[in-house]
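Novice: I have a structure here, written as structure tokens, and I will follow up with some questions on it.
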Amino acid sequence: MGMSSDNIHGLVLAVSSSIFIGSSFIIKKKGLIKAGNTGVRAGAGGFSYLHEPLWWAGMITMIVGEVANFAAYAYAPAILVTPLGALSIIFSAVLAHFILAEKLHIFGVLGCVLCMVGSVSIVLHAPQERLITSVKQVWHLATEPGFLVYACIVLIVVAVLIFQYVPHYGKTHMVVYVGICSLMGSLTVMSVKALGIALKLTFEGSNQFIYFETWFFTVVVIGCCLMQINYLNKALDTFNTAVISPVYYVMFTSFTILASMIMFKDWDSQNGSQIVTQLCGFVTILSGTFLLHKTKDMGNATPGETPVFRSPTHPIVQSNPR
């Protein structure tokens with residue numbers, strides 16, 4: 001069965017998002033280096049990069065990428081869009097190799113190939129996006145018993161982690177902070193998808209902002225994003241980025257796929273072979289991501305790099321120079 005037009009639109013937007021976001025890190029890094037040569041470096045507490053046009057060009061590029069990523073969820077299933085976030089690592093690594101002269105280790109090349117192979121597997125066997133004509137349909141899916149149980153379990157687990165485990169284990173066990181971000185991230189993506197669908201229908205002439213449900217999803221997106229960013233910043237400030245990134249990617253993507261499977265029933269129209277192929281593709285992308293992050297500093301390690309979080313709906317952590 002071929003891909004639907006909506007899936008193709010979502011695929012193009014997701015890949016475009018990765019290209020823009022992967023490129024933005026290189027542009028921003030060039031801007032930071034240039035600003036550091038003429039003023040106080042960001043790592044030393046300076047803000048001279050704010051006067052550097054190249055840095056702002058990188059920020060604009062990242063914003064365009066995030067908008068494309070947001071729009072992709074309005075057209076394609078989360079199981080197709082979310083894993084493709086790993087492609088931004090490939091574009092960033094390849095551009096860094098040629099533009100910033102940061103050597104890409106042979107295992108890094110292998111990681112890129114694995115990410116590409118896994119992405120192709122997921123794309124070729126992704127489920128079709130269901131036809132939705134109103135945000136009320138999304139609300140109906142979100143209020144079915146299955147997803148309500150999932151959402152309640154997520155909120156209870158997150159509350160337990162925040163109030164019971166963060167004070168005692170937050171600074172020693174990475175999974176506490178990352179678990180909070182990943183669990184809330186799955187709810188973020190479902191709400192982002194709902195809001196994206198509402199915007200798409202509104203632009204097509206059917207105003208969805210007259211419904212309470214649209215505004216509810218908007219509030220959930222804002223609240224979940226703020227919580228994710230807060231706890232991911234804590235994780236990045238406490239633990240090694242190279243360890244956090246692959247762990248966060250697998251947890252975030254796994255919970256997002258689970259949430260999408262429950263809420264949108266993505267796999268109902270697929271057979272066992274297609275589902276297994278998608279899961280294998282996801283594991284292949286995970287392996288490539290792990291290799292890239294474990295080998296990205298081989299041969300030209302630079303001390304004093306600071307991690308930066310991309311997006312609550314696009315969980316790839318990169319590094320910017322101080």
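Including glycine, each Cβ sits where the backbone N, Cα and C put it.
Unlike curated records, TrEMBL annotations are generated automatically.
It should be emphasised that the depicted structure is a prediction, and the values quoted were computed from it without experimental measurement.
As annotated in TrEMBL:
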type: REGION; residues: 303-322; note: region 'Disordered'
type: TRANSMEM; residues: 7-27; note: transmembrane segment
type: TRANSMEM; residues: 54-72; note: transmembrane segment
type: TRANSMEM; residues: 79-100; note: transmembrane segment
type: TRANSMEM; residues: 106-126; note: transmembrane segment
type: TRANSMEM; residues: 147-168; note: transmembrane segment
type: TRANSMEM; residues: 174-197; note: transmembrane segment
type: TRANSMEM; residues: 209-231; note: transmembrane segment
type: TRANSMEM; residues: 243-263; note: transmembrane segment
type: TRANSMEM; residues: 275-293; note: transmembrane segment
Novice: Might you confirm whether the transmembrane segment (79-100) is in contact with the transmembrane segment (275-293), defined here as three or more C-beta pairs under 8 A between residues 6 or more apart in sequence?
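Specialist: When sequence-distant Cβ pairs are counted, the transmembrane segment (79-100) touches the transmembrane segment (275-293), since at least 3 lie under 8 Å.
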Novice: Within this structure, do the transmembrane segment (106-126) and the transmembrane segment (174-197) have 3 or more Cβ pairs under 8 angstroms, counting pairs 6 or more apart in sequence?
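Specialist: These two segments do not touch.
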Novice: Which listed range (7-27, 79-100, 147-168) shows the maximal number of Cβ pairs under 8 Å with respect to the transmembrane segment (243-263)?
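Specialist: The stretch I would name here is 79-100.
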Novice: Taking contact to mean three or more C-beta pairs under 8 angstroms, with sequence separation of 6 or more, is the transmembrane segment (79-100) in contact with the transmembrane segment (7-27)?
Specialist: yes
Novice: Quick test of the contact rule: Cβ under 8 Å, at least six residues beyond the ends. What residues does that give for the transmembrane segment (147-168)?
Specialist: 141, 176-177, 179-180, 183-184, 186-187, 190, 255, 258-259, 262-263
